[in-house]
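Per TrEMBL, the features are:
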- 516-525: compositional bias 'Basic residues' (COMPBIAS)
- 565-576: compositional bias 'Low complexity' (COMPBIAS)
- 604-619: compositional bias 'Pro residues' (COMPBIAS)
- 620-645: compositional bias 'Low complexity' (COMPBIAS)
- 15-126: domain 'PX' (DOMAIN)
- 150-445: domain 'Protein kinase' (DOMAIN)
């Protein structure tokens, strides 16, 4: 029973928030005159990591209201006041809600937002992340004596565990001066706990402080405005606690013409804060999307109004500068892992890489669900090369790549096409990516940035790069690289094994049923991509060629059973606020074919044909196989639907969860955001 109970815990858990989740609406039941839907949510490739929750239609409506700020057109079913308790209507509504939640989870921006996370995993994401960040940042700066924490900038980034604050220099002299009282006035919390009110009401009003922050980059004393980011340590933080303070202190002194300098860096047992200069134009992604850096990320990148690629000479220059920054970090034994447009700032024609400390923090890349599909992308250098390819693609096309590889690259010069294909083509991802040194000598840069080497030599002569670690710190960084790569390889093996299970399941079905499964998967993926591409860039080329495993999480491939129970029987809530367990008596909906039996082993048995209208079903054990349970009156269960359901919770991790997500439409890829960038 523990497999399906998702209970909270007080123990610190470094959860990978980028790990894809899939959600299947298993059944529906009538309780106290209203309908409740039973949702089975699975994180990652294995059914063991799953739980059940109860949701009403109003819960879906609240989620949809929270996500409307993104401007993404989602197919949410309308409310019905009369006849909404009929079994046929409930079955129709169940299918419509299934398609809706699929669209949300297939969009990386919507799927990573706090309203979505709370909807599918309320126990984990009810933590007041923002208030904790405010507390930790305030305590860290209290003894610093140089900076004072100011206004919260709100949810301008996609990470739920990274928070942004304005920070000002402490005034010198009389602590009761007007400047001091103004600073203390800004030391306030956000509008609500964990931005809950912002996400619930979606009132995206820019405060006067944020307006000033957008319009100017200097405070009243003439100093540059600063921005503080607090980030919780992630699952890839492998540096010893005794050594991490020294490593961060050394890293705070990084100097390179193409790396944004760090004004201040500090950490505690839970996370770290970094203070940098605030750039009023925001990141390169903000420039490409014509977005204000201090707006909520859902509104900035959900459906941006303007998208324009960079001129080739600017593209080549910026890319070459970022490439040199990455090469410099690797020469010092530090990987980046978060190369994307949201981590690039352009100042006076110079592109600079920032958030380079994320590797030390151990936070996973937003591209992680992409490169875990390709077993050859298993080193830190290959991951940075892969991210660099996505950066090139977005600068070239004006919109991000929508899949883990580019099926076809057009509308660019041959030299740039060759460079992109060497990184992002299917053949390159399956074989081996070029090294950083090989990228630097590619003919594209010689054609469009031919004078870069001479300019770079002059630049480093005036501003000598610097990043020095102690011997023990170097050993810690080397060990962290090895453990990070091992975790990537382990996850890639899990994805590969799950693909193999899906193929075995397909072999058990007939040819006609396999065609139906493939057709449903294609249709679901195309519907999602077309709706997400409506207001943002051209559609993905060759999307329909993804095959049977392209989108196992699509609504067309999900089999859901429906059973209406009385108010005295059915699913009941467990001790966890939103989880559910099986009752001792009363009608109960059966789990899907992929559910675990009471012994903990998988039992994918083909269900029998459904009766026209099911009679009241006696109570079933909590984990009884679907082979012995009553099925939905709305549609008959078939072997093909059983396979589709297996695909939902299996292949969805690597296909529907991310590869099926249109990563370019109203979704913006990237690793750790700066100023709300992805």
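Numbers here mean position along the shown chain, with the first residue as 1.
The backbone N, Cα and C atoms fix where each Cβ goes, glycine too.
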Note the mean pLDDT of the domain 'Protein kinase' (150-445), expressed as a whole number.
83
Using DSSP, tally how many residues of the compositional bias 'Basic residues' (516-525) sit in helix, strand and coil.
10 helix, 0 strand, 0 coil
For a three-state summary based on DSSP, what are the helix, strand and coil counts in the domain 'PX' (15-126)?
44 helix, 28 strand, 40 coil
